[in-house]
Amino acid sequence: MNQFLFVSFCALLGLSQVSAATLSSGRIVGGFQIDIAEVPHQVSLQRSGRHFCGGSIISPRWVLTAAHCTTNTDPAAYTIRAGSTDRTNGGIIVKVKSVIPHPQYNGDTYNYDFSLLELDESIGFSRSIEAIALPEASETVADGAMCTVSGWGDTKNVFEMNTLLRAVNVPSYNQAECAAALVNVVPVTEQMICAGYAAGGKDSCQGDSGGPLVSGDKLVGVVSWGKGCALPNLPGVYARVSTVRQWIREVSEV
């Protein structure tokens, strides 16, 4: 990626971001094609029928994505596609009833890059549609723990969307080292978690923003931002879900 925002799912993909000043949005780089049944919590967030961000099902009525994906808070602007490996067809399309960005979200620094989407109707769960568990506030991700990120974003750092879902496995990155690597971009805060390889080569990229970063069986991050895609010594940055667990519970009762 050049520079991007993303939400991630620690084990499958990498990082993704949305264009803004020096940041860009992303797609999976160095990953592999994956079936939706392997990541049934993954959804495509769409505008006018076109994919632009990812998201994660956390209950039959709620999806968690990145706040930078929902700067327009009019729910009529969005739908989600769930249950399909193909972002252009299959699965189900569900309207969004309300868009609730985190009240402390900062669009300049991407701090608290979370947004809850209340769906217009409850969705039924199946092999290809399922909620993912959330970490509690006290839970942490150890340095080097493998995570999976998934999405339909750019695979070649050229902002060209994938039609079929992809994922990448990346290790969590030491927080202090991540902050030092990105010190000239934006501050890496406690509300963020980093993942990637020092050598680069695997990451999320344009179009993956808002998607899941999964460690074990829990959603530990949301693809938020990064400096380029899959570049050496520049890990991807995700919004750390455990830090807003109470807010998610208060808003969604999940």
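Just so you know, glycine gets a Cβ as well, placed from its N, Cα and C.
For reference, Swiss-Prot has these:
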- 1-20: signal peptide (SIGNAL)
- 28-253: domain 'Peptidase S1' (DOMAIN)
- Cys53-Cys69: disulfide bond (DISULFID)
- His68: active site, charge relay system (ACT_SITE)
- Asp113: active site, charge relay system (ACT_SITE)
- Cys178-Cys194: disulfide bond (DISULFID)
- Asp203: site 'Required for specificity' (SITE)
- Cys205-Cys229: disulfide bond (DISULFID)
- Ser209: active site, charge relay system (ACT_SITE)
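What Swiss-Prot annotates, mapped onto the structure for a quick look.
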residue: Cys53; record: disulfide bond; DSSP class: strand
residue: His68; record: active site, charge relay system; DSSP class: helix
residue: Asp113; record: active site, charge relay system; DSSP class: coil
residue: Cys178; record: disulfide bond; DSSP class: helix
residue: Cys194; record: disulfide bond; DSSP class: strand
residue: Ser209; record: active site, charge relay system; DSSP class: coil
residue: Cys229; record: disulfide bond; DSSP class: coil
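Cys229 (disulfide bond) and Ser209 (active site, charge relay system) have their C-alpha atoms 12 Å apart, to the nearest angstrom. Per-residue confidence over the domain 'Peptidase S1' (28-253) averages 92 (mean pLDDT, predicted model).
Between the CA atoms of Cys178 (disulfide bond) and Ser209 (active site, charge relay system) there is a gap of 19 Å.
With respect to Asp113 (active site, charge relay system), the closest of these recorded positions in Cα terms is His68, chosen from Cys53, His68, Cys69, Cys194, Ser209. Cys194 (disulfide bond) sits 19 Å from Cys53 (disulfide bond), counting Cα to Cα. Figure note: comparing Cβ neighbours within 10 Å for the recorded positions His68, Asp113, Cys194, the maximum is reached by Asp113. His68 (active site, charge relay system) and Ser209 (active site, charge relay system) have their C-alpha atoms 8 Å apart, to the nearest angstrom.
There are 33 other Cβ atoms within 10 Å of the Cβ belonging to Cys53 (disulfide bond). A distance of 7 Å separates the Cα atom of Cys69 (disulfide bond) from that of Ser209 (active site, charge relay system). Minimal Cβ crowding within 10 Å, among the disulfide-bonded residues Cys178, Cys229, is found at Cys178. Recorded residues Ser209 (active site, charge relay system) and Cys53 (disulfide bond) have their alpha carbons 5 Å apart, per Cα-Cα distance.
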